[in-house]
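A.B. asks: What follows is a single structure, and I will ask about it in a moment.
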Amino acid sequence: QGNENQSRSVRTFFLELIRAKKPLILHNGLIDLVFLYQCFYAHLPDNLSTFTADLSEMFPAGIYDTKYASEFETRFVASYLEYAYKKCKRENCKLKDSSGQHLTVEFCNYPANMSHYIDYRHCSLEEESHSVGGGNKVPICEKFSAYGWCPKGVNCPQSHNIDLIIDEDDRLWEEKRKKRKHKWKRRKNAEERAKMSEQESTGKDTELAQNGEEGPPRKQSCYEHAEVTASSEGRPLEDSMDVEPATEAARTAEKGKETHGPPQGGTHRAGFDAFMTGYIMAYVWMLKKGKNTEAGAEPWLPDCHNKLYLSGKSVPLQIVKSLFSKSSKAHSQKMKLAWASG
């Protein structure tokens, strides 16, 4: 309300973000965008097409959802925030150890008078030592492993340790990779024997399976929702899709649910969430760009540009202004205000 040119409010700060014309990066960010728009920008439009048209003009450099990138670009078997972050970090460490191109992070040197505004958390590759083959190993909570949250919370007797969960997923994936490799070799040998014995017949060559060893993983996504009832890791398929809480009261803990449980992580705060989201984006960008890291005018990740993850859907929400949609009147007024006072 009133003169937003003069007030130092969060609404004014939000206009500064729009003026910056930088890409906006979120993780599972549809509800976040609705919240930001409603609280700090304008009344929500009556329909979705107007909302997406407004967003496309508010953030012309693009909107990126790291949950979508985790499922559709890196194709992780789980994509909740801390899992995706730690998985990216592990893969990045492997690249570094093998002297490959990798991501590095440089932290700011903050002045002493800012120290009480800054909170730090231990963020090593593995937050606590663990032995996969330990005799007293606590079983992993399958609900938490798939969703990133568990209805029992801290009372769950099973492990919510992300490092152990990734260890288990990697182990299961390696077993399946070896089985596929062995099956492919047997098939190849059988086809070669059949080919040799039938050379004098039709002369047709039998096509051998391609990429039998390193084929793409079967994602825990809803591409297979119609046919498959269990995921590639043996968990129910619906558990892999970060089913959103239905109520607003539950929504307040939506991001926190991804790491609630025994205090084995403890890194869930807004600032840490932002860091993890940024790290995932930087890693995927580095991975997809390869050696061509020149910052050009093209989108950072064309396949993820302006695509928001939708729970339970095989397609994202496209942030575009269609030929049949118009921007909202409130948005048009805000944009005039933003550029008039910029």
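Numbering starts at 1 and runs along the chain as it is shown here.
Placement of Cβ uses the backbone N, Cα and C atoms for every residue, glycine included.
As listed in TrEMBL for this protein:
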{"type": "ZN_FING", "residues": "135-163", "note": "zinc finger"}
{"type": "DOMAIN", "residues": "135-163", "note": "domain 'C3H1-type'"}
{"type": "COMPBIAS", "residues": "177-188", "note": "compositional bias 'Basic residues'"}
{"type": "REGION", "residues": "177-269", "note": "region 'Disordered'"}
{"type": "COMPBIAS", "residues": "189-207", "note": "compositional bias 'Basic and acidic residues'"}
{"type": "COMPBIAS", "residues": "215-227", "note": "compositional bias 'Basic and acidic residues'"}
{"type": "COMPBIAS", "residues": "251-260", "note": "compositional bias 'Basic and acidic residues'"}
A.B. asks: Could you count the residues of the domain 'C3H1-type' (135-163) that DSSP puts in helix, in strand and in coil?
C.D. replies: 11 helix, 2 strand, 16 coil
A.B. asks: In the compositional bias 'Basic residues' (177-188), how many residues does DSSP put in helix, strand and coil?
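C.D. replies: Going through the compositional bias 'Basic residues' (177-188) residue by residue, I get 12 helix, 0 strand, 0 coil.
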A.B. asks: For the domain 'C3H1-type' (135-163), what's the mean pLDDT in this predicted model?
C.D. replies: 86
